[in-house]
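**Student:** Have a look at this one before I ask anything.
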Amino acid sequence: MEEAAASEDKAGYGTNGHAEGPAAEGRRGGGAWLRGCRGFLRRNALVLLTVSGVVAGVALGAAVRGAALSPAQVAYLAFPGELLLRMLRMVILPLVVCSLVSGAASLDTRSLGRLGGIAIAYFLGTTLLASGLAVALGFIVRPGAGASALNTPGLGLPGALPTSKETVDSFLDLVRNLFPANLVAAAFRTYATDYKMLLRNTTSGNVTLEKIPVGTEIEGMNILGLVLFALVLGVALKKLGQEGEDLIRFFNSFNEATMVLVSWIMWYVPIGIMFLVGSKIVEMEDIVLLVTSLGKYIFASILGHFIHGGIILPLIYFAATRQNPYRFLLGLITPLATAFATCSSSATLPSMIKCVEENNGVDKRISRFILPIGATVNMDGAAIFQCMATVFIAQLNNIDLNPGQIFTILVTATASSVGAAGVPAGGVLTIAIILEAIGLPTNDLSLILAVDWIVDRTTTVVNVEGDALGAGILNYLNEKDKKDREQELKEVTVEAIANNKSETETSPLVTHKNRVSNTSSTADPESKESVL
């Protein structure tokens, strides 16, 4: 009877025995569809709000642009976006230090060395690929060919040129910042070499100017020094064993509390992005002149970012994991939109860690170990931007680059992108290093600065995408290595059991002993004597 009732119910009958009509079935299907839509909206509310914030920001900027706002009014319009940047930068220091200490302390020495080696190889390899792609595209598209008339009054930012620095001093500053003299000062200041000119009288009576390097401190977090210190401290705490457990638990708790703060800040991201994008559109002076004069350079740079971020990096991820890279990237829409709006890899780090762990299931030990390092040293988008700008300036000045100069561009761009600041327009300062290395003039950097606010958005998106895909690859390799070790352990255990059984079955002494002991244990004293 129960089976018949169940079959009737499946066939479309209600519990009271009456047949359900099409309307009831439609209501049931409509209710399931509504529940599915509500669940989808609940799961992806932040992503939808973030994308809506970008679209609303473009619409707001286009609508307000015709109102001829004063600079003060534009600053007021950008105020909600400024609050977002300040909140994100506020959590960078505790997030980077605590996540790296807890990540390095949670990994054993073998895994730490293996994952660190793979990460360095991935970062250097992808950055070198990005640099080569940019140089190749520069020679194919030729963005600076025939553009020698770009030095017009409406273009460029002549007052914003970075001071030229010797290539050797730039790399020495990079090493100096790895070992900060004061950890507290490293939280807000960075070492940089400056120069002062000294007048010297020669023996012949002529006066010469000599450039003397002088060490200075500039505003900005020394993230390289903090990263290295946190890594070494985590390894040291791991070596301490029981004595270091309390401090490791402290950093773990601090890290989890910081991630809770990040989850709260994320709900303000759509509002901040809307006003950041809108205010930047209002600030544009003459976009038509910029696009018509520097359109080929903008197109070549964005094309390089699209090829590297949309094809090359996903192919590397697929080759390493045999998984769909675009499904992985689908869970990163919120941090990618944040990167597009803020133009800062460091400001995107909190949301990237949260989304990689929650949406893509990356192990916390991997994400909190590799993403802070990637945000500091992995700058694929910046390498494309720097190489394209160098080729553009060379073509602008009608200079043909020889193979030696091209090799210098590739190596210098790959190395200097490590020290590029993860802040807006941070890559422009490193272009001067490349130009000095190959002997090109730095006067035309004002043209790069004029369109940097456009190109820097796709640059930052590619930077953070490379970090996230690297974390996904390392997570896959770590899981695979763990499964292999477990399988080896099972095989060793099975072999040991088999060997034990074979010895027990084949040894006559063991068999005789067992038989005697069993007989003696079950028999009475008289039988024991007979056995003896």
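Count begins at 1; order follows the chain as displayed.
The backbone N, Cα and C atoms fix where each Cβ goes, glycine too.
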**Student:** Which one of these stretches, 328-349, 394-415, 416-437, shows up in TrEMBL as transmembrane segment?
**Tutor:** 328-349
**Student:** Which residues of the same chain, at least 6 past either end of the transmembrane segment (87-107), have a Cβ under 8 Å from a Cβ in it?
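**Tutor:** Sequence-remote neighbours of the transmembrane segment (87-107) are 115, 187, 221, 223, 226-227, 229-231, 233-235, 237-238, 244, 248, 251-252, 254-255, 258-259, 261-262, 265, 268, 338, 342, 344, 346-351, 353, 364-366, 368-373, 375.
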**Student:** When you scan the chain for residues with a C-beta under 8 Å from the transmembrane segment (328-349), skipping those not six or more beyond its ends, what do you find?
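**Tutor:** Answer is 46-47, 50-51, 53-54, 57, 81, 84-85, 88-89, 92, 95-96, 221, 223, 266, 269, 272-273, 276-277, 314, 317, 355-356, 359-360, 371-372, 375, 379, 422-425, 453, 456-461, 463-465, 467-469, 472.
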**Student:** Restricting to the same chain and to residues at least six past its boundaries, which positions have a Cβ under 8 Å from a Cβ of the transmembrane segment (119-141)?
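**Tutor:** Tertiary neighbours of the transmembrane segment (119-141) are 296, 299-301, 303-304, 307-308, 312-313, 316, 370, 373-374, 377-381, 383-388, 391-392, 395, 406, 409-410, 413-414, 417, 462, 466, 470, 473-474.
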